[in-house]
Amino acid sequence: MENKSFGFRSELTLDPFVIPPGGKYPIFFLGLAIYCFAIFCNLILLTLIILKRNLHKPMYFILFSLPLNDLIGITAMLPKVISDIVTETNKVYYPLCVLQAFLLHMYGGGILFILAAMSFDRYAAICMPLRYSSVMTPRFVFCLISLVWGLDFVLIVSLFSLQTRLPRCNSLILNVFCDNPSLLKLTCENTTVNNIVGLFNTAVMQAISLSIQAFSYVKILITCVVTRRSKAKAKAVNTCLAQLLILIIFEIVATFTILSHRFKYVSADLQKIMGMLIFIVPPLLNPIVYGLYTS
């Protein structure tokens, strides 16, 4: 294949779904309903945290990042996908493709870091109740939130900065949306360094997030066993269950998505759907779960 470098504003082609005749409009309206419902629920959660004075506490300041991150993820992915289905265009300019991929990867890392910060807040509240106000000061909470977004941004920028050194010899994105693996397939050059950095960043995100959450929840569990106060136990279970459910949901969906790309007999459309679920399921369920399991 002739190595051909495409211009910065070159147009890329997305690999579309195989839609049966008469199916594009029902799929479009279903996707639109899902998007509107997710936007409504997450905006309600954001609005409540902003307007309710009794929610102006460290826990809810950290929680504020979760629906905000969900809005970024689902907005970066779903509107483009459903509009391509109904218009049958499946085209995207390279800069917009990179922007979409960047935002989607920021969303994935954001979930892990935000849940880690929230678990630490619950650890401080339940295991150190008398010191909570001195530990979770406004300044510390601001630094914690800044660290969550800052570390996520640095890791994703380091990943995408490696894209600039690779010339492109292809214009087909083998997905219905743009992500880093799809962008790497546009080049004919060796992408070993990019793959190593991508795996390293993923490992760092998972290691930091899961280790902090494991430490926090083990400490909380020990506190629940030791204490004899039933109200304290109920509070601990109530506040931590929502975060554990969100983490489990995200990890299950992400695992199924990764596995769907490892088996050759899985259809291309099913792989695309599994990839979309990462950016649809958490934004739909997070505000519902928090509405059910937190007062």
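Just so it is clear, glycine is given a Cβ too, placed from its N, Cα and C backbone atoms.
Taken straight from TrEMBL:
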TRANSMEM  27-51  transmembrane segment
DOMAIN    41-290  domain 'G-protein coupled receptors family 1 profile'
TRANSMEM  58-78  transmembrane segment
TRANSMEM  98-120  transmembrane segment
TRANSMEM  140-162  transmembrane segment
TRANSMEM  203-227  transmembrane segment
TRANSMEM  239-261  transmembrane segment
TRANSMEM  273-293  transmembrane segment
Range from 140-162, 203-227, 273-293 with most C-beta pairs under 8 A to the transmembrane segment (27-51):
273-293
Predicted model, mean pLDDT over the domain 'G-protein coupled receptors family 1 profile' (41-290)
86
